[in-house]
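**Q** Got a structure here, written out as structure tokens. Questions coming.
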Amino acid sequence: MATQVPPSTTPTPFANRPAPPTKDLEIPEDYKKTFRGRGTVSKFVDPCEAARKASLDCLERTQYNRSECTDFFTAYKECKGNWLAQRKEDRMKGRDTV
């Protein structure tokens, strides 16, 4: 079994830091297309997959120093919030959600 490596507490050198997240990460993909694109609809279908991947990539590049990736986490939270608000609005208006 692999040992768990503690997160880094030293700042990542500027050359190794990931570029700041763009506003595009805060906008979810069309969830209807995302759901229909899969063979089976599951709870793991995520229209905010790009923001999720960017967050994980940031963690890997900074040796899991969470304080350097807060912008990416915020972008992911915004994306999820926008997606859930969009689904809620569609349900309230009687639109198809899947």
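Even glycines carry a Cβ here, placed using N, Cα and C.
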**Q** In Swiss-Prot, Cys69 sits in a disulfide bond; tell me which of Cys58, Cys79 is on the other end.
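**A** Partner cysteine, according to Swiss-Prot: Cys58.
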**Q** Across the motif 'Cx9C motif 2' (69-79), what does the mean pLDDT come to, as a whole number?
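**A** Mean model confidence (pLDDT) across the motif 'Cx9C motif 2' (69-79) is 94.
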